[in-house]
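Some notes on the structure that comes next.
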């Protein structure tokens, strides 16, 4: 058993001369332990040979020892009262019993000094009484009982010494098992034997504390918790004080075992016992333990809860006057970052920090740990909240807290990317001049990046200055320096500049292109419609491995898909999607965003739903942007009720963002539900959702439609006060608001104000001015404005053609393409381009439509055709409006055969254009099918302003014939009295579920009345009035005469009910328009009975 095992091990070790695992002192302790067992054997032997059956003092002691052994408490210190003691081996006890009955062969001479001392004492007593009588000596002669008592006294003293020696031997073995042998199980057996022998009082408080430390480090956290709880129970039972350090240990063990509530209770005990605040440097220990344990259990309790509790703990440290150190701050920030940067988390952190930064303790501001300021700046910068980062930065300056290079760089980048380049440069100046911080290459890369991504146009000159300053500091550009420059010119479509920078990257800087560089090349190729080269770069990336992984990642495919979608190539986008899945890359929600945006822009609800179904099938999670695309599809399709249903579902699922509110506001505005526009705006304010330029644009458009230019001016001023720069769209809406109230002089003065503000008018601005001049009858001024717009376009087109373009763009992706001369330095290239203006947008067709319509209405067909021919010569896209304008011109010219050709071409969707040379030599170029271009009246979503408002645009061919074109063709058939053809066409379109508008119905009913088909005209009129009118979309076009319907509440236009009255032989003489209208309807209803 245990004793024999130890003795055997000692003998074996001595015999072999090897004591590798146990030291000599360990063996000597074991030998002494055996001697103590022999003494206990003597005690038991003495008990069995006691006289007269009277228990001796030794027997009483021994009995007491056997009956009063202290059991391990089953009640843990502040733990679970049902917690059971871990199973303990009883080998020590059994070994003790066996050894006590075994005779020992050892020479136990260590007891002789005690007996000899007692004998010397007796001899001295005898020699001091020489004069005593013999009788007295005989009286003092020892009796047998006295001898037995002496023997018991000797044995009792031996027993006491044996008990202490046994306990010390067990204690020595226990500590050596923990310190040297690293055998906690053996150590715990020793401790259990001490407990069963009632010898725990031999352990001092310091030894208990050392045992807690050793068991904590030598065992797993589960076993450590049980051992440490037992040790603390025993300390308490012995009257030892349980200190702060031990409680902190138990806090950590409870936390490691997931018992956070119990850990909190121990923390509360420490606080109530006033142990939290200590004078030494250990004051932060309990708090740091809480930080660490919550971070360890974040997967169980949730990252957000961990962040919330960490903020509370850190705040409690500040309130108690415990200055958090860097370790506490680091743990706090790790727990905050673990919760993410969602709006709720960011706002929670900001609210907490703002309160703490302004908190007053003892009449003075709280002196927070400097690293907290720095880390919070980095956190809010990474979360995209530059305004919060700036607030902290200003406070750091005020309190003279040193800013390091990381803080400065983060502030520069985020503030600059938010559009405030001036403030970003001020921060750079403060960092270098006031704080004395040496900028790194990362700092300069951030500066170049914010200049390269300045909106609305990159700041090439500023990027050049930064590059020069970088060289002044003696820093060498890296891939992150050249990358933003290449990306800047790639977005501008400057192929030549991209090529030269790419060459400098490889030849001069000796750098290898990374994924961002290749992505910029792809974007540049796609911008020049060189899809083949873009695909070659993608294939090269797929073959290039970095760290065993292909360079073509999800970002690359997302870029390619977005580029193909921008070019309206959905088939190419889906091919890339298949290639991405084939490469075992999981498409992300952002992968589908461009596709969804294109379909939403078309109002293709069915297509959006199919894409969402595809995302679900391949396991791609949908987010708020996915559902916003669906919402936009409903609004663009005119289904505002469907949009409302989607909006309500999104409210329950997401925290709505600015874009979501903008889309629904736009939908209500297009449906002319102006009250709902304001309701959604109020909802947006209550939800604390920020406004952007698009939001202001919608509100400005709203008040413009209400003919309130003063309100539009107020909104423009509010934008400036909110640090939102009004762009050309907002200025154009302001101009429109004055034109609609016939305040033309003030409207044209807006043009001068735009130029003074440095805003270049867009082609939509020119189109609005042209249309206004046409409306006021000043066609000469309209032609002048149109000519200025054309001159500007031609000037930029020639400059674009004069640039040196790459002969074969596909070679640009190859590192083997070199020129004979070394490329210029980057700073020289930047200077060369800083005066160069960006490429001009294409001329829109709505710049020409007003004048074509004006000449057509004046029956000046020659000028109308000349203007249309000029539009074709400039390669302007033919929109549906321009196509209908051409049909209307030929209808008024009574060239009805050409109208028929144009209609059949539109209806059959033939790829071949209409051969105008044979039909009308005055228009030499053939007429292609129209493309879907935004309505000229939709200033908010005009072609040039789409990028600034981040909206997709569709230029693909329109699949549905325009209701405007149908109205022109119905008039043409009616004019030719081709009533049968019209009836057949109407039936075909009805079967196809064509969305007839108000104009279509009125023209069709008029044709039925003029054809004399009383029965069908009566049936269709009543059907339209009773069933279809509320579902029919109203439409008003420039060519329509408002007098045709003098009362907008009437379902039938003036021309329609007069034709029906003539068909019914109802005399209009003496009847007002309203009386005639009511008479026609009542007659039709009577006849139907």
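Quick reminder: no glycine exception, Cβ is built from N, Cα and C everywhere.
If you check TrEMBL, you get these features:
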type	residues	note
REGION	121-146	region 'Disordered'
COMPBIAS	124-138	compositional bias 'Polar residues'
DOMAIN	412-542	domain 'PROP1-like PPR'
REPEAT	440-477	repeat 'PPR'
REPEAT	553-587	repeat 'PPR'
REPEAT	623-653	repeat 'PPR'
DOMAIN	631-780	domain 'PROP1-like PPR'
REPEAT	657-691	repeat 'PPR'
REPEAT	727-761	repeat 'PPR'
Summarise the repeat 'PPR' (623-653) by DSSP state, stating how many residues are helix, strand and coil.
27 helix, 0 strand, 4 coil
Outside the repeat 'PPR' (553-587), at least 6 residues beyond either end, the same-chain residues with a Cβ under 8 Å of its Cβ set are 515, 518-519, 522-523, 526-527, 529, 531, 534, 538, 541-542, 593-595, 597-598, 615, 618-620, 952, 954-956
Rounded mean pLDDT within the repeat 'PPR' (657-691) lands at 87
Number of helical, extended and coil residues in the domain 'PROP1-like PPR' (412-542), per DSSP
97 helix, 0 strand, 34 coil
